[in-house]
Amino acid sequence: MGTQPMTDRLNRPFRDLRISVTDRCNFRCHYCMPADIFGPDYPFLKKTEILSFEETNRLVHLFHQTSPIKKIRITGGEPLMRKDVDQLISMLTATTGIEDVAMTTNGTLLPKMADKLKKAGLKRVTVSLDSLEDEQFGKINGRGIGTKPVLDGMEAAKEAGLGVKVNMVVQKGVNDQDVLPMAQFFKEKGYTLRFIEYMDVGNSNGWRMDDVVAKRDILEMIHKVHPLEPVDPEYPGEVATRYRYKGTSVEIGVISSVTDAFCTTCNRARLSVEGKLYTCLFATKGHDFRELLRSGASDEEIQQKLAAIWHVRDDKYSLKRTSLTNKRKKVEMSHIGG
């Protein structure tokens, strides 16, 4: 394994890898998988089209040998809908030695999976919850599901020994009134809550700039009631700007891809469930590694392809975002993870 990470054209290292393990989800959140598009007849991927755990593990092992990966995040869709996903986590931690393996989930399946995930080597979960109001949350998730299954999932993860963070996508006129109640609730719980600016990911969510609640407005709302102080990032390229409630150890974070983009330090790649590598969340196309795997490519050929892709990477979509760039066809977030 090389001791130094590869860098791209903007001198950004390849440090983090997000792995989507399914394109399916039991929610239909309108900003990700709206029900009118992802309905009963939607053509989800067939089993033969998605990477097996063995194929995924081989790719990650080779990627890690090419450029040391510091963190893996398992995503979806809803990753816990992939049968035996804990087995993949066991394989990844055993084969690569990468210790920082996390998962983003809606939390509803954690009560029956948390112990297995912990034993497999998962370190923490980030659970998505956009409101504490059952009716409002049910509208957002498109399934009428209240908050209890998600909150129960968080508790199950905590009891299993997993770290827990919470993500909230904030949309003007939808759930911006919930910013303060969420902040208060999770401050008392002691969980880090991260507010995410509503982003133009994919092509299905009808994104408009007018629907974005800016980082500065989120912080102002909270700081007036719960004074905050800045916290230094844990590592270069950390996506969330971190703050701590004064007089406590409890933190919040803001992920501000729209109003305060972090493209210049982005060190992440995304491996989709069918084996395409994307070098940006807002990418229009991916690089096919499944075909390489299934055509008998050697380890060296796979590593060479990864290096060639990363060395010419120059993505900086969020720094160039306009009403015109928003119209270009992008891969859906449910396909490559957030």
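Including glycine, each Cβ sits where the backbone N, Cα and C put it.
Taken from Swiss-Prot, the feature domain 'Radical SAM core' applies to 9-229, supported by sequence analysis. Marked as GTP binding site by Swiss-Prot: Arg18, Arg73, Thr104, Lys165, Arg268, Ala269, Arg270. The [4Fe-4S] cluster 1 binding site feature in Swiss-Prot is assigned to Cys25, Cys29, Cys32. Sequence annotations record features per position, and here Swiss-Prot assigns S-adenosyl-L-methionine binding site to Tyr31, Gly77, Ser128, Met199. The [4Fe-4S] cluster 2 binding site annotation in Swiss-Prot covers Cys263, Cys266, Cys280 and rests on sequence analysis.
Mapped onto this structure are the features recorded in Swiss-Prot.
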residue : record                               : Cβ neighbours (10 Å)
Cys25   : [4Fe-4S] cluster 1 binding site      : 23
Tyr31   : S-adenosyl-L-methionine binding site : 22
Thr104  : GTP binding site                     : 20
Ser128  : S-adenosyl-L-methionine binding site : 21
Lys165  : GTP binding site                     : 19
Met199  : S-adenosyl-L-methionine binding site : 21
Cys263  : [4Fe-4S] cluster 2 binding site      : 18
Cys266  : [4Fe-4S] cluster 2 binding site      : 24
Ala269  : GTP binding site                     : 26
Cys280  : [4Fe-4S] cluster 2 binding site      : 21
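All chains included, 23 other C-beta atoms sit within 10 angstroms of the C-beta of Cys32 ([4Fe-4S] cluster 1 binding site).
Nearest to Cys280 ([4Fe-4S] cluster 2 binding site) in space, judged by Cα atoms and limited to the binding-site residues Arg18, Tyr31, Cys32, Gly77, Met199, is Arg18. Taking CA atoms as the reference points, Ser128 (S-adenosyl-L-methionine binding site) and Thr104 (GTP binding site) are 7 Å apart. Take Arg18, Arg73, Thr104, Lys165, Arg268, Ala269, Arg270, the residues named in the record as contacts for GTP: the widest Cα to Cα gap among them comes to 21 Å. Note: the CA-CA distance between Arg18 (GTP binding site) and Cys263 ([4Fe-4S] cluster 2 binding site) rounds to 16 Å. In the predicted model, the domain 'Radical SAM core' (9-229) shows an average pLDDT of 95. Thr104 (GTP binding site) sits 12 Å from Cys25 ([4Fe-4S] cluster 1 binding site), taking the CA atoms of both as reference points.
Cys263 ([4Fe-4S] cluster 2 binding site) carries a helical DSSP state (H, G or I). Within 10 Å of Cys32 ([4Fe-4S] cluster 1 binding site), counting CA to CA, the binding-site residues Gly77, Lys165, Cys266, Ala269, Arg270 contribute Gly77. Reported as a whole number, the C-alpha separation between Cys266 ([4Fe-4S] cluster 2 binding site) and Cys25 ([4Fe-4S] cluster 1 binding site) equals 27 Å. Nearest Cα neighbour of Cys29 ([4Fe-4S] cluster 1 binding site) among the listed binding-site residues (Lys165, Met199, Cys263): Met199.
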